[in-house]
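Here is the structure we will look at, set down as structure tokens.
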Amino acid sequence: MGKYFGTDGVRGVANSELTPELAFKLGRAGGYVLTKEAAQPKVLIGRDTRISGEMLEASLVAGLLSIGAEVMRLGVISTPGVAFLTKQLSATAGIMISASHNPVEDNGIKFFGSDGFKLLDSQEEEIEALIDGEDTMPRPIGGDVGQLNDYFEGSQKYMQFLKQTVEGGFEGIHVAIDCANGAASSLATHVLADLDADISSMGSSPNGTNINACCGSTHPEELAKLVVEKQADVGLAFDGDADRLIAVDEKGEIVDGDKIMYIIASYLKEQGRLNNNTIVTTVMSNLGFYKALEEKQIETKQTAVGDRYVMEEMRKGNYNLGGEQSGHIIFLDYNTTGDGLLTGVQLLNIMKQTGKPLSELAAGMKTFPQCLINVRVTDKDAVKNNALVQQEIKRVEEAMAGEGRILVRPSGTEPLVRVMVEAKTDELCQQYANQIVDVVKEQLGA
């Protein structure tokens, strides 16, 4: 990770860490790096529903126009919507303003190249060097200054694409949705209604400050209540920028990213559409996920946490399905990044084609008890070299005797250390996790 870029673009508290001044510099430097080879550079900008989005958008636009790029504002749209449209409209670059599942005070800026993929490390390093160096980038004058246009109909083009990934509609399927008061709020309702699903919704009234507030993919228990109350067939919970999905079955049980990937990989294999009989996932996936796929004779490739690393492995090995337990699912046949709405549509299609309820589709995977505790710390990277923390991890691993797993890592986007433990029982899981958390707090706690 660089000075400004984390694992998922530039993030921080809006107007404090991620300031309009920094956004302007990112617009200039990012725009220059991504458009310097283009004769007529065109950059798309989308945002989620955060109150700070328009402030940062204005600064980004100014920076981009100042280097001579044409800017097309997409308005409120999902992150995968920006990625799709960047490639579809042959734009030089795309930019999304969002902090995904983070609280409203945070925001972020992520870039996409003309191919719709996230940037290479080398491109991010070049942008950072330009921000910190003397600004010698072009400053065109007169008619060469960039022009701003709105392209709000881009959302319609993206929704049309989503609908075309399945044949027929979802008549008779009752879907409960939680849009996290974010970018999916209008998109999900329109797409599912056009596909003839019956819809019950929550988290679909964004006001600029309620994004991810006790709703969405990080709080699927709220959707689970709605599914049971409305007797829905399935629940779909998105995050603020709709690049991830957590589902709920008809009984109100949560179906996380691992189970969603298991269901989709199994279906694609049956259809002969799983490239190289392999799915790509991260070290956070549950032991039960790997065991279930072994039984299906599906191979797995494991990467570091972060959908960018999943994507890199997918492109390297020509795999078409990958994702994370958190609900980032990548269908490389359709889009260039994780897409919650696309995942939801594909999941509904599998239910329709197989005639099976979600609970039955997910039943083939038995989840090992897993605890994930986030610890706020002063220096998240110090955890790797702290002798006492590493000592405690080793002690717990010995106690597990091969019947469990530990993963302690710094967050890629927040000042947190994430402690993940899997064990045979819930009690052991909690006990082992707390032992490690206590030492992390003592050594590094904020």
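Cβ coordinates are placed from backbone N, Cα and C, and glycine is handled just like the others.
What Swiss-Prot records for SER100 is active site, phosphoserine intermediate, and it gives sequence analysis as the kind of evidence. Cβ neighbour count for SER100 (active site, phosphoserine intermediate): 32 (other Cβ atoms within 10 Å of its Cβ, all protein chains included).
The 10 Å shell around the Cβ of ASP241 (Mg(2+) binding site) contains 35 further Cβ atoms across the protein chains shown. Among the features that Swiss-Prot reports, Mg(2+) binding site is placed at SER100, ASP239, ASP241, ASP243.
The feature phosphoserine is assigned by Swiss-Prot to SER100. Secondary structure at SER100 (active site, phosphoserine intermediate), taken from DSSP and collapsed to helix, strand or coil, is coil.
For ASP239 (Mg(2+) binding site), the same-chain residues lying six or more positions away in sequence with a CB closer than 8 A to its CB are SER100, HIS101, ALA180, GLY182, ASN212, GLY216, SER217, THR218, GLY327, GLY340.
If you take the C-beta of ASP243 (Mg(2+) binding site) and look for same-chain residues 6 or more apart in sequence within under 8 angstroms, you find SER78, THR79, PRO80, SER100, ASP307, HIS328, THR337, GLY338, ASP339, GLY340.
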